[in-house]
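Here's the structure we're looking at; comments come further down.
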Amino acid sequence: KIIMAASMLLCLLSGPVSATWREVEAPKRHSEVWDAERRNAVTFPSSSYLPGTTPYENRSLYLTEGADKSIPQNYNHCEQGWCTPNLNQHLPQYCGSCWAHAAISSLQDRIKRIRVEQKKDLGPDITLSVQHILNCPLADKEDENSQVGSCWGGTTDGPYALIKHRFSTQKENDFAAGRGLAYSTENPYLACSSDSTEGFCGQIKDTLLKCEPDNIARNCDTFADYGGSCQAIPEYPNAKIDAYGTINTTAQGTDALKVILVIMKIYYNKLTTIN
């Protein structure tokens, strides 16, 4: 109340204020999701399934007569207690990484669901590192065309391909292979990729944005003035996947969409085995 009264008094003392409004042209937005032509130009693997053929899917739960009539009118994933924190992809500077945030958020939500349903390892939410994806965006270290995205955009299936084929698979001469996707506590979000010059990105391009052990998972022990340093964490908490994919509805049209809705309903409401 004191703050409000003081603010009103300042307004009264300052007298009338005039303002001039002018129209400002809205900034042009860069598309953050690659179109089909750009997506088809990259070489990382893609997994596409027809409805009813995806891994870990029990078709008998929904492919029955009248199954689509049981689809609920409303459904909120978060009301089940399965959502992890919201994030802002555009801080501390603009970065078009919605594709990475969407994929990683979905993955960490799935991890939380498993923990809740199995009543196992309950504790603080596991949040995964989007910056790890931006620092090491090649699904194949030796193939520059296997990049899944950057602050200039990417694909929603790219992060899964990267985690599956690089971070979850051991390979010789690749320190990033087989070690999993780091937690955000080991590699916080900087809203930078090596091709971005927004904000302070250009200043850290050659230090914090390269795909090196220090930029995958690290920790600092104390202030540099006291002899401290930051070092890579050789073995770090991580997440891996063994299957991913998209559902292809082009061959089956609206009937396929009905099946997908029922799949979603069953997956969200039935205790299923999900790896």
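Cβ coordinates are placed from backbone N, Cα and C, and glycine is handled just like the others.
Bear in mind that TrEMBL entries carry predicted annotations, made automatically and left uncurated.
The signal peptide annotation in TrEMBL covers 1-19.
Feature annotation from TrEMBL assigns domain 'Peptidase C1A papain C-terminal' to 72-180.
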Within the domain 'Peptidase C1A papain C-terminal' (72-180), residues counted as helix, strand or coil by DSSP: 43 helix, 7 strand, 59 coil
Integer average pLDDT (0 to 100) for the domain 'Peptidase C1A papain C-terminal' (72-180): 86
